[in-house]
Amino acid sequence: MARSLWARAWYAWRDHGPWLLAFRLLNAWNLRTSFNPDEYWQGPEVSHAWRYGDGHLTWEWEKCVALRGVLHPGIFALLLTLLPDWPLLVAYAPRLLQGALASFADLAVYRSAERLGGKALARWALCVQLASWFQLYAVTRTFSSSLESVLAALVIDHLTRRALTGALVLGSLQVAIRPTAAGFWLAWAAWEVGVRVQCGDLHGAFWKLLVPGLQISGVVLSISTFLDSLFYQRFTLVPWNFVQFNLMADGGALYGSHPWHWYLEGLAVTLGTFLPFCCVGVGLGVKHFPSQLFAVGISICLLSLASHKEYRFLLPFFPIFSLLTGQGLQKTIGQLQEERTAKLTCLTIVFLPQIIAALFFCLVHQRGAEAVMAHLRQHPAGDDGVFFLTACHATPFYSFVHGQGPLGYLDCSPGQGSPQKRFFEQPMPVLREIFPEALHNATERAPPKGAALKHCLEYRYRKSWQLPEVFVLWGSLLAHEPRMGQWLEINRYQLEVELQDGVWSEGPYDVELWPSFSIWRKQPSFLASEFK
């Protein structure tokens with residue numbers, strides 16, 4: 001039996017795997033835009049710090065907070081140990097790895113659909129999986145949610161071939177990587193146990209489901225807890241810290257609050273033109289995977305309880321959305337019978353907007369962050385390094401300019417009156433605090449110094465820096481504070497390049513049109529007369 005399963009898996013990979021791998025690697029390589037800081041700062045940046053000794057760990061990694069587990073960035077750290085330390089490879093290898101993993105998710109969706117409805121359904125589901133603008137934009141990024149999405153696709157593959165043990169192992173890894181996945185699995189287990197009890201199969205509910213589930217999840221979560229405890233140098237239960245902060249204390253509200261129904265909008269935006277066909281597929285898919293659909297619904301409801309919501313948190317549900325949308329499209333197009341023109345029109349209306357949106361968000365929208373780091377790779381700063389006068393975590397960091405340093409930025413650890421907030425309220429007096437050795441052209445007092453959420457974070461609010469060789473500025477800073485240009489001038493900085501960030505972006509001054517970054521480099525002292 002095992003040999004037969006491996007044989008079928010090999011044949012499926014041989015037929016589709018190589019081109020799916022090539023597709024996702026191209027997808028990953030051609031991403032030149034940023035989505036959310038976590039894709040850099042909670043994965044590649046952490047692994048770079050562990051592997052090379054230079055890198056920045058955000059406040060979530062402090063021992064007194066311990067909100068992050070080592071499993072996800074540990075995968076990237078292991079990858080970096082196997083690769084030569086070429087800057088371009090170090091910057092993009094984690095994303096390429098995630099792209100390779102995403103190809104296995106694509107194959108899993110195809111195989112699952114093939115079991116449910118044959119090759120015709122498998123082709124529809126795969127087309128949806130590969131053409132989804134949101135997956136092209138997000139699934140190859142180095143989010144923990146992206147890896148969770150891959151694991152979710154593999155779970156569906158295992159469940160459709162009744163390989164429960166493998167599904168439970170993968171599900172436990174999901175929870176270890178991102179604890180919010182526990183909601184899905186608790187709901188799924190409740191449904192499955194309820195069905196078995198209703199059928200009078202108490203023995204199966206207990207010995208074939210609950211006991212193996214507890215054993216497998218216990219082992220996986222014990223291993224992840226052991227690794228986390230080694231890193232934090234004391235017993236640390238990261239999932240519990242995560243639940244306490246995000247659910248009990250609603251700590252995610254620090255990054256924005258949304259109404260309870262926000263994920264209804266999120267589904268409409270991320271699914272786009274696939275939404276009506278996904279809804280049709282829900283009705284068709286109830287008989288095939290009722291427990292998974294129930295668990296998805298409960299998971300989204302649980303995510304809706306938190307004030308802070310993001311589109312990327314929906315990524316783990318997209319493998320099942322691809323199956324449902326494939327079913328809906330197959331049924332809808334099938335009803336058009338021999339009307340070829342109608343079929344082509346329908347397919348164009350459905351797929352063309354997805355492709356246009358993917359091209360825009362993958363290549364244009366918020367491309368400035370990686371463009372800044374590409375410029376710094378090609379024109380590195382000297383020993384005095386780079387300082388970012390931008391929104392907190394607006395660009396990648398050490399992992400994208402491997403071998404350079406030091407790098408500094410305006411800290412935004414949680415609390416009242418962070419350096420970032422104070423700077424954009426009154427830039428000039430705060431500059432006097434951050435760079436005491438600089439020449440200053442402002443005399444007003446700075447806003448009161450803030451207080452971090454926890455005492456162990458206070459040092460992040462009190463840092464001062466030497467003047468760097470390079471400043472990276474949020475483009476509209478000079479328009480909001482004209483004296484900023486004078487300050488740069490009297491300290492011998494000259495504009496080197498301005499890099500566009502797309503059509504719109506949400507920066508320190510809220511949403512702006514035609515945003516940009518500007519890079520300023522310090523000139524040698526013998527050129528000082530040019531600035532007078």
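Cβ atoms are placed via backbone N, Cα and C, with glycine included.
Per TrEMBL, signal peptide is recorded for 1-28.
Among the features that TrEMBL reports, transmembrane segment is placed at 163-188 (among others).
Long-range contacts of the transmembrane segment (209-231) within the same chain, counting only residues at least 6 positions beyond its ends with a Cβ under 8 Å from a Cβ of the stretch, are 66, 69-71, 74, 164-165, 168-169, 171-173, 175-176, 185, 189, 192-193, 196, 237-239. Summarising the annotation, TrEMBL assigns transmembrane segment to 209-231 (among others).
As annotated by TrEMBL, transmembrane segment applies to 262-283 (among others). Note on the transmembrane segment (262-283): residues 128, 132-134, 293, 300, 303-304, 309, 311, 314, 318, 321, 323-329, 331-332, 349-351, 353-354, 357 of its chain, located 6 or more positions outside it, place their CB under 8 angstroms from a CB of the stretch.
The transmembrane segment annotation in TrEMBL covers 289-306 (among others).
Annotated transmembrane segment per TrEMBL: 313-330 (among others), in sequence order.
The annotation transmembrane segment is assigned in TrEMBL to 342-364 (among others).
Highest Cβ contact count with the transmembrane segment (289-306) among the listed stretches 163-188, 313-330, 342-364 falls to 163-188 (criterion: pairs under 8 Å). Residues 105, 108-109, 112-113, 116-117, 120-122, 124-129, 132, 134-135, 138-139, 143, 145-146, 148-149, 151-153, 156, 174, 180-181, 184, 263, 266-267, 270-271, 274, 276-282, 284-285, 289, 292-293, 296, 299-300, 303, 350 of the same chain, all 6+ positions outside the transmembrane segment (313-330), place their C-beta atoms under 8 angstroms from a C-beta of that stretch. For the transmembrane segment (163-188), the residues of the chain that approach it from at least six positions outside its boundaries are 5, 69, 71-72, 144-145, 147-148, 151-152, 154-155, 208-209, 212-213, 216-217, 219-221, 223-224, 238-239, 242-243, 246, 291-292, 294-299, 302-303, 313, 316, judged by C-beta separation under 8 angstroms.
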